[in-house]
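S.K.: Sharing the features that TrEMBL gives for it:
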| type | residues | note |
| --- | --- | --- |
| BINDING | Asp84, His195, Thr197, Glu355 | Mg(2+) binding site |
| BINDING | Asp84, Asp360, His364, Asp401, His402, His477 | Zn(2+) binding site |
| ACT_SITE | Ser134 | active site, phosphoserine intermediate |
Amino acid sequence: MIWLIQGELQLHNKSGDLVICPSWENDNEGSYAELIALVSFQYTEQEKDPKFWNTWAQRTLKSALTLQKFNTNRAKNLVFFLGDGMGVPTVTAARILKGQLNGQSGEETQLEMDKFPFVSLAKTYNTNAQVPDSAGTATAYLCGVKANEGTVGVSAAATRTQCNTTRGNEVTSILRWASDTGMSVGIVTTTRVNHATPSAAYAHSVDRDWYSDNEMPAEALKNGCKDIARQLFDNIPNIAVILGGGRKYMFPKNTSDVEYPGVAKHSGTRNDGRNLVQEWIDGKKAKKGHYVWNKKQLLSLNPNNVEYLLGLFEPADMTYNLERNTDTDPSLPEMVEVAIKILRKNPKGFFLLVEGGRIDHGHHEGKAKQALHEAVEMDKAIGLAGLMTSVHDTLTVVTADHSHMFNFGGYTGRGNPMFGLAPMLSDIDQKPYTSIIYGNGPGYKLVNGGRENVSTVDYQENNYQAQAAVPLTMETHGGEDVAVFAKGPMAHLLHGVYEQNYIPHAMAYASCIGENREHCSGRSAALRPVLSSAAALLTVTRLLC
């Protein structure tokens with residue numbers, strides 16, 4: 001018999017004893033197909049009984065009723081998870097993948113973000129773009145102001161690439177607001193630390209691509225504009241934790257990389273001769289500052305003895321998790337754990353920005369498997385952060401900057417492998433097709449004048465580029481709204497459908513930082529009960545399931 005136990009499929013004998021917990025990930029194709037057929041039959045038998053669905057719905061209803069009394073504590077801590085490119089189809093596909101990696105059918109699985117009690121939609125357009133980019137959107141959800149595509153930390157009055165439009169149009173971020181009130185602040189990303197998303201937290205640049213002075217035009221340098229790497233250290237010197245990639249932008253041009261010596265593309269890029277890492281080390285020597293560049297160094301630190309941490313683990317972006325060297329490169333959950341252990345020592349609280357940045361890159365390359373595994377990895381980090389903080393004093397928000405031209409369909413059966421085929425051939429060209437498909441991108445291929453027959457290639461390979469309708473070197477973003485998940489103090493403020501730039505205003509209100517402070521007198525971040533004991537127990541149970 002196959003039973004559903006807390007969302008997990010388990011195989012039991014007639015006596016009810018657990019025999020195996022099927023693991024599909026390493027199963028061969030034949031036995032996998034047989035198991036899917038068996039599970040589909042047994043599972044649907046259980047679901048034919050209305051009691052199954054009614055019981056589940058009543059359980060959900062009881063959980064919803066506990067939310068009738070809102071948590072109006074002050075948010076001592078703010079944790080902001082940004083899945084770059086994590087549109088709703090990506091969330092759904094990641095949920096199914098997570099379940100299948102755990103031996104489940106997948107559809108009934110819960111992501112950690114699914115457990116958040118409040119979900120809303122944010123409109124992502126830039127001031128000059130219907131379909132946005134990651135820079136303009138980062139300015140919106142971090143600085144509270146919508147902006148032009150390609151710009152970070154400046155208003156829409158600034159024009160991309162025009163250095164002379166920067167001054168006077170700078171806007172500050174929620175990270176800055178938190179820092180100004182004495183909270184500890186940190187940034188963790190799987191991209192380079194001077195990429196679009198993190199840079200909007202500290203930089204003011206009319207071009208997101210000005211990673212170092214090497215990427216800047218001479219006129220911009222002459223007019224006094226600073227590259228983003230330099231602004232990381234100059235603009236907000238007291239960022240307590242900075243973890244991600246981007247090493248080469250911190251070192252003088254042609255400086256050999258510590259991890260990849262002699263590899264020219266990984267060498268330093270700076271034309272000004274500055275060693276920003278050494279400058280940071282020198283400035284933090286007396287302040288318990290530590291610089292690390294590999295996993296061993298990171299995990300060997302005692303967070304109690306660290307006040308400032310700079311970790312740069314790759315010359316540019318960090319590698320995809322499926323390709324990560326687990327001996328040298330930390331995972332996103334590992335970086336998040338260290339960051340929170342350092343930041344939470346501050347009695348005034350902390351703000352932490354965490355970006356699962358390579359979800360976006362996987363989609364751009366048409367590599368859905370890479371993108372979805374990145375999303376699952378970020379969900380692990382969300383769960384870990386939840387265990388390390390409390391919903392009573394920590395507001396956690398999970399969202400995306402934009403979506404992608406990614407989707408999946410084809411009338412697939414329950415439990416269909418996430419990277420598998422649709423169950424029927426095309427009625428036009430009589431060829432099979434994968435469930436996952438892109439609206440545009442590099443996966444467009446013609447073989448002998450027709451669509452490639454996917455059965456002739458390994459469509460489950462990590463770097464397989466899913467078929468696309470329109471040929472492009474890089475797949476594009478999507479323009480639909482993105483989901484916003486929230487839990488903790490004042491999470492109910494994130495409801496309905498709103499402009500993306502509203503997000504940091506709601507978070508700042510919850511934490512009594514930024515513009516909205518009048519309501520804060522008498523409010524406390526103390527762990528006073530906001531739910532009945534029974535409801536609180538139910539909430540904890542939901543978080544741990």
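Positions of Cβ are set from backbone N, Cα and C atoms, glycine also.
Just so you know, TrEMBL annotations never went through curation; they're auto-generated.
As the structure is a computational prediction, the values presented were derived from the model and not from experiment.
Each of these features: where is it, how hidden is it, and who are its neighbours?
M.R.: Sequence-distant neighbours of His364 (Zn(2+) binding site): residues of the same chain at least 6 apart with a C-beta under 8 Å from its C-beta are Gly85, His404, Gly441, Met474, Glu475.
Its own atom aside, the Cβ of Ser134 (active site, phosphoserine intermediate) has 27 Cβ atoms within 10 angstroms in the protein chains shown.
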S.K.: In whole Å, how far does the CA atom of His402 (Zn(2+) binding site) lie from that of Thr197 (Mg(2+) binding site)?
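M.R.: With the alpha carbons as reference points, the distance is 12 Å.
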S.K.: When a 10 Å sphere is centred on the Cβ of Glu355 (Mg(2+) binding site), how many other Cβ atoms does it contain?
M.R.: 29
S.K.: Of the binding-site residues listed here (Asp360, Asp401, His477), which is spatially closest to Thr197 (Mg(2+) binding site) when Cα positions are compared?
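M.R.: Sorting the binding-site residues by distance from Thr197 (Mg(2+) binding site), the top entry is Asp401.
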S.K.: Do you know offhand how many angstrom separate His477 (Zn(2+) binding site) and Glu355 (Mg(2+) binding site) by C-alpha?
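M.R.: The Cα atom of His477 (Zn(2+) binding site) is 17 Å away from the Cα atom of Glu355 (Mg(2+) binding site).
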S.K.: Return only the integer: C-alpha distance in Å from His195 (Mg(2+) binding site) to Asp360 (Zn(2+) binding site).
M.R.: 12
S.K.: Can you name every residue in this chain, apart from Asp84, His195, Thr197, Glu355, with its Cβ inside 8 Å of the center of the Cβ atoms of the recorded Mg(2+) site?
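M.R.: Here the nearby residues are Leu82, Ser134, Ala138, Thr189, Thr190, Thr191, Ala196, Pro198, Gly356, Gly357, Asp360, Asp401.
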